[in-house]
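Positions annotated as transit peptide by Swiss-Prot, on the basis of similarity to another entry: 1-30. Residues annotated as NAD(+) binding site in Swiss-Prot, with similarity to another entry given as evidence: Tyr155, Gln217, Asn240. Positions annotated as substrate binding site by Swiss-Prot: Ser266, Gln288, His291, His357, Asp390, Glu444, His449. Per Swiss-Prot, the feature Zn(2+) binding site maps to Gln288, His291, Asp390, His449. Here Swiss-Prot flags Glu356, His357 as active site, proton acceptor.
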Amino acid sequence: MSLNLSRLSLLSSPRISISTHAPRKGYVCCSMKSYRLSELSSSQVDSLKSRPRIDFSSIFATVNPIIDAVRSNGDNAVKEYTERFDKVQLNKVVEDMSELSVPELDSNVKEAFDVAYDNIYAFHLAQKSTEKSVENMKGVRCKRVSRSIGSVGLYVPGGTAVLPSTALMLAIPAQIAGCKTVVLATPPSKDGSICKEVLYCAKRAGVTHILKAGGAQAIAAMAWGTDSCPKVEKIFGPGNQYVTAAKMILQNSEAMVSIDMPAGPSEVLVIADEHASPVYIAADLLSQAEHGPDSQVVLVVVGDSVDLNAIEEEIAKQCKSLPRGEFASKALSHSFTVFARDMIEAISFSNLYAPEHLIINVKDAEKWEGLIENAGSVFIGPWTPESVGDYASGTNHVLPTYGYARMYSGVSLDSFLKFMTVQSLTEEGLRNLGPYVATMAEIEGLDAHKRAVTLRLKDIEAKQLA
């Protein structure tokens, strides 16, 4: 679905028109519409920051019967849907990780995943908070303590691309948090096996079970539980519209399961000035566009000195040689460029758009970090492509999309924890605080609340008089 921008005024100057000239697969990288922020009304800017609407009504109609079937028939339903959708016949739906050996990988591949593991582990371990206890009044002590979520489900997509990096991003914080049961769901290969890179990452990061299924049936199996799949209490991970719909339905069902965040197509917003390399700008835009035809790609140009022709040529050149260039082409067809007078206007628009990924590729990029309010993850400076965060810098790549960065955070260690508050009062504490509580309870007309305090205060007073 493309973004409806028909009521916005296009720039009078030529659009960025991108063509691959001699495409290998019969596709053409489409043009990106262009707009000048200073010429748009506030309502037009609001339209520009809106994402394509997803009509979930038809998707729910498909997903609901799958969820019901898995609830009723468990593993058999998972097998049936896996054969129908993935053309794979499963003998076994769930693998116990303790029974699987660590797969052999090429040394360079193993080293890459090991470096990523170490960086992701270090960054998420540093998120552990120390327990703090506060004495608000004499004898009144309060604290907040954390506990791991007992069982979690991790969804690792396997549709248009295999994503072992997502296994690391989800399993490592679960491992650090101390989640006892960690179920990783991922579509099986045609022979019913698990992608060896995903298996390696899962073993390294402490996954306890692998559910060899994808789509809505995998989400339902983790939410309800089956004979072989443990029921989980929270489900994490990106997926297509059917996966997203299943998560939305199940979090509001009798399954009593929560989810990480709402999800939409992946997206990037790049802010660039005349100091940014056109080669890097093009590469960053295309690295997001290649995710899929529904990816959202936005370029914000600062000032009038950016060489748009050079960017056009680079996008055409790089798109032409990409194996997934057809996906990139379709994504670019509903993407756009906006022109900002300065960095203040550029960042103001970015904060309105609230991108999943925000790249700041301008001179002295670091000094603008303090103005950024809404973004899933930020990449600052010419040497920080989005790819490093996607794979191995240490930050998490499971992030809010679709503008949800205005109110949601990406996956972190806290996502796998729950927090309890604890309070304890001494006799002196209740003498100090109790009368105020009794007064407030009386104002609200809750006499039992009041008595729970006053009965104790009377006993304390009686002991003192004895």
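Even glycines carry a Cβ here, placed using N, Cα and C.
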Gln217 (NAD(+) binding site) versus Glu444 (substrate binding site) - Cα distance in angstrom: 48
Those binding-site residues listed as His357, His449, and which of them has the most Cβ atoms within 10 Å of its own Cβ: His357
Alpha-carbon distance [Gln217 (NAD(+) binding site); His291 (substrate binding site)] in Å: 23
Recorded positions compared (Glu356, Asp390, Glu444) - the one with the fewest other Cβ atoms within 10 Å: Glu444
All-chain count of other Cβ atoms within 10 Å of His291 (substrate binding site): 22
Gln288 (substrate binding site): secondary structure state under DSSP, collapsed to three categories: helix
List of residues, in chain order, with Cβ under 8 A from that of Tyr155 (NAD(+) binding site) and at least 6 apart: Leu170, Ala185, Thr186, Gly214, Ala218, Ile219, Met222, Ile235, Phe236, Gly237, Pro238, Gly239, Val243
Whole-number Å value for how far Ser266 (substrate binding site) lies from Gln217 (NAD(+) binding site) (Cα to Cα): 22
Rounded Cα-Cα span from Glu356 (active site, proton acceptor) to Asp390 (substrate binding site), Å: 12
Number of Cβ atoms other than its own within 10 Å, given for Gln288 (substrate binding site): 28
